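Just below is one structure, and these are the notes that go with it.
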């Protein structure tokens with residue numbers, strides 16, 4: 001009745017619907033936030049838990065889960081305003097809480113908007129929506145970083161590392177490039193996180209892998225996925241979630257968002273196909289793991305310029321995304337003694353640092369001035385192919401150099417500090433066991449807790465494997481098999 005009379009939730013003038021609120025933009029931004037969140041939870045949790053050796057499934061999934069949860073509390077207590085608050089230093093914002101009603105219900109404000117000659121329109125939704133969206137970016141950066149140290153990092157050291165790295169490293173890159181810091185004002189382009197998220201996680205992950213140390217020799221030599229189908233499912237959640245990742249970057253449901261989402265899918269598909277073709281050409285058969293890696297490098301490569309390049313340029317970026325990281329991973333890595341020494345478990349350096357840097361450089365070449373005008377208030381930005389010259393590429397390289405240097409130094413200092421109190425690497429006897437030693441839990445209980453299949457008591461050669469009976473079914477395990485009508489099978493994972 002109230003709604004019919006013009007009141008209720010759909011009224012034109014209500015305290016919950018101020019004049020500046022655009023319901024469509026707010027709905028899209030909340031949807032984009034959820035899509036990015038799904039990339040981490042459950043996307044990367046599932047991907048990590050399935051792409052590793054069976055004995056590390058629980059630990060790998062938990063590292064991603066913990067990073068996601070711990071990031072949120074740190075973000076709202078102090079992190080958000082260090083990345084998107086008032087300027088403290090040219091590369092850092094002033095710390096402050098994002099927890100109060102007075103702060104969260106007002107119209108969102110992006111400090112970068114005040115530095116342009118023609119300020120960008122502020123988002124037409126509350127600050128709470130912006131806090132949530134940017135949290136999802138911060139969280140997934142740490143989850144991606146975790147991929148470099150799976151299979152041996154002490155979980156207690158990881159629990160201390162995640163909040164420190166978020167505060168001391170991530171917020172610096174985010175403020176410098178997105179929050180109105182010196183790289184943004186200088187004109188370095190990072191549309192949706194090619195540098196802030198992917199270059200940072202790749203470099204920091206590689207640095208962490210160096211200081212934590214390698215996995216056991218047996219694990220490095222054989223680390224087959226325990227469930228390739230689940231790995232594909234996790235990868236699929238990443239791909240679909242990237243619509244929110246790049247589509248939410250304009251902070252509105254506008255033209256740039258549409259272009260960004262289309263370009264994201266085109267580049268990912270092209271990169272996947274390119275990687276697969278190279279696998280077939282050089283190794284004689286397509287690799288499913290390789291296809292997922294190709295998908296990932298395509299998604300990463302387009303991110304710095306998703307809404308700034310034409311769709312034909314996204315195809316070109318896909319070709320490079322599926323070939324350059326493939327070369328660094330499959331050829332260059334094996335010829336470099338240093339790269340071989342550092343045990344980057346999931347090759348995050350190649351799939352994120354290399355692909356992110358590549359995307360930044362290609363954006364400096366291919367970004368169009370028309371699309372730039374929709375996104376940035378910094379005047380005169382355009383790719384080299386549109387009259388920007390080599391100057392823009394130089395800015396992209398300089399911005400990448402800052403991100404790389406900061407992450408190497410800060411990640412090193414954090415880990416060395418933690419190492420004074422907590423061992424960074426699990427001891428070898430625990431590494432031999434895996435999940436059970438780290439958590440007291442295992443991913444797959446094939447025969448029940450503490451039970452092992454005894455082949456001498458369940459001899460399938462005597463016809464006892466069928467559901468109709470026969471064979472020796474003495475004891476609890478045999479009774480269970482009889483009741484289930486199942487065959488006893490020893491599975492090596």
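Yeah, the Cβs are placed from backbone N, Cα and C, and that goes for glycine too.
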Range annotated as transmembrane segment in TrEMBL, from 61-84, 85-108: 61-84
The annotated transmembrane segment range in TrEMBL, which must be one of 27-49, 441-463: 27-49
Beyond the flanks of the transmembrane segment (130-151) by at least 6 residues, Cβ under 8 Å: 29-30, 32-33, 36-37, 39-40, 44, 48, 52-53, 56, 59-60, 63-64, 67-68, 71-72, 75-76, 79-80, 83-84, 98, 104, 108, 110, 123, 158, 162, 165-166, 170, 174, 193, 196-198, 200-202, 204-206, 208-209, 212, 215, 219, 223, 245, 248, 251, 344-346, 348-349, 352, 431
Dominant neighbour of the transmembrane segment (397-422) in 61-84, 195-213, 225-245, 312-332, by Cβ pairs under 8 Å: 195-213
Overall pLDDT of the domain 'Ammonium transporter AmtB-like' (27-444), taken as the mean: 92
Range from 61-84, 251-275, 312-332 with the greatest count of C-beta pairs under 8 A to the transmembrane segment (163-183): 61-84
Contact check, the transmembrane segment (225-245) vs the transmembrane segment (353-372), 3+ Cβ pairs under 8 Å, seq sep 6+: no
